[in-house]
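Report on the structure given below.
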């Protein structure tokens, strides 16, 4: 059998196993119901006889069961197979978001017509909600045609995209909170069902993930694991599944050949980065390398969703610099739009480049780099700003040997992110400000998102040291209810307040957050006086392993081809 035939066979096996597990879930629900009904009755596994029974079973793990059941039944399912019902749920959610976008446009456009700030929020919201549906469509497109021959990776991909959809929708709501408009509540109501449906979809997929662990599926289908290991082996050290174009790029010794060159002095094809980006082929599926020569490039750069597999290579993080000064407080720009550089196209890589926002602490929210792309890698980059410097908005991201500097919430967002061997630099804030390194934005307890600092160095710039006892610095604070941040193997200088973490507002999220420090060192790592919130965790070595790049990002599958230093686990 050829490779294509083998892959099809594997896919059929995987689909069959997932369906079988979901049927087991339905049976379990039926058994539980039977047990609760009568202890004297003989327990008999129930059959899926009606659409109602099947829908109720699939909706069992969700938080919004009534919304789940009503939406699926209204869609008149023609199948009682659990997998088909979950796919139907994705379609229903997409239609719900699209209908809500239209409703918001009809009902709120007139109300926002005389308010530039609110009108801008409404326009941005429409874009974000369309991005949310794109992630849901990714789930549908990959449901039958997934290519990674491991069930766990397939399920995790779905969780990543569902988490991304949730992040986009939450960002829409956050955008309205930045205005003084009363329309924020209207937006919450209009998109209430859509957001509940997305959460329900994540709950269903997460339940599959849990079942895989409980039933030890990788052990049952061990040939899949063996097949995956085969895919990752090759004599030249490059995974065998990497395509010929990428292989040639990776195998090149003495540097990478650029597709285009950007230079201020006219020695390249283009003088601006945005001009070079316009040369990226449509539906690009192979590395497109843009070499950006030494210089300061004052431009707002947007790598759009259509610009995939783009690589930026500079002459050094302090030699090639992209700069801007858009900000929320002085410039009246929405936080999401303040980014000097916005990365939206998947499979993006940046090496040896600096990104900065020069608005200063007076500008308040002023993003230097926003990353919404999936499978993004940054190596030897410098990201400088003050408040909200690095916006790790959504999806999988890996930073290695980078420097990030700032004051308030300067690494924030809801991506699945690992910063490895990075320097985290606290800067001097305004007189009345404290400094918080992280503000992770996980808003649903099942999201696969979180922020991990591994083998990093947390320090302060020289100007901060004299004011550290006045303008105290903290490891982070919970931006959203299920905020998750893990700091491990990191050297923490004497710049962090002994309490370690700071509340966001009163007791918000203190019970539901997930914060952990594991095997850190340095004078700021002493946990004796740390806050004692219920959400603070003490990790075992096994638990800590979950947050290494190999596990948390499934990084072994996609980071090594970028040829950057990479440590999958602890060594």
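Cβ atoms are placed via backbone N, Cα and C, with glycine included.
Per Swiss-Prot, N-linked glycosylation site is recorded for 36 (among others).
The feature region 'Pectinesterase inhibitor 58' is assigned by Swiss-Prot to 49-204.
Marked as N-linked glycosylation site by Swiss-Prot on the basis of sequence analysis: 91 (among others). DSSP assigns residue 91 (N-linked glycosylation site) to a helical segment in the three-state reduction.
Of all Cβ atoms in the shown protein chains, 21 besides its own fall within 10 Å of the Cβ of residue 207 (N-linked glycosylation site). As annotated by Swiss-Prot, N-linked glycosylation site applies to 207 (among others), with the evidence given as sequence analysis.
Summarising the annotation, Swiss-Prot assigns N-linked glycosylation site to 216 (among others) and lists sequence analysis as the type of evidence.
The C-beta environment of residue 347 (N-linked glycosylation site), restricted to residues of the same chain at least 6 apart in sequence and closer than 8 Å, consists of 308, 309, 310, 373, 374, 375, 376. Look at residue 347 (N-linked glycosylation site): DSSP puts it in coil. The N-linked glycosylation site annotation in Swiss-Prot covers 347 (among others).
The Cβ of residue 388 (active site, proton donor) lies under 8 Å from the Cβ of 335, 338, 365, 366, 367, 406, 408, 409, 410, 412, each of these being in the same chain and 6 or more residues away along the sequence. Annotated active site, proton donor per Swiss-Prot: 388, in sequence order.
Long-range neighbours of residue 422 (disulfide bond) (same chain, six or more residues apart, CB within less than 8 Å of its CB): 399, 400, 401, 402, 403, 404, 453, 456, 457. The DSSP secondary structure for residue 422 (disulfide bond) is coil. Among the features that Swiss-Prot reports, disulfide bond is placed at 402-422.
Look at Swiss-Prot and you will find 409 tagged as active site, nucleophile. Within 10 Å of the C-beta of residue 409 (active site, nucleophile) we count 24 further C-beta atoms, all protein chains included. A strand conformation is recorded for residue 409 (active site, nucleophile) in the three-state DSSP classification.
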In the chain carrying residue 91 (N-linked glycosylation site), residues 6 or more apart in sequence that have Cβ under 8 angstroms from it: 75, 140
Protein Cβ atoms within 10 Å of residue 402 (disulfide bond), excluding its own: 25
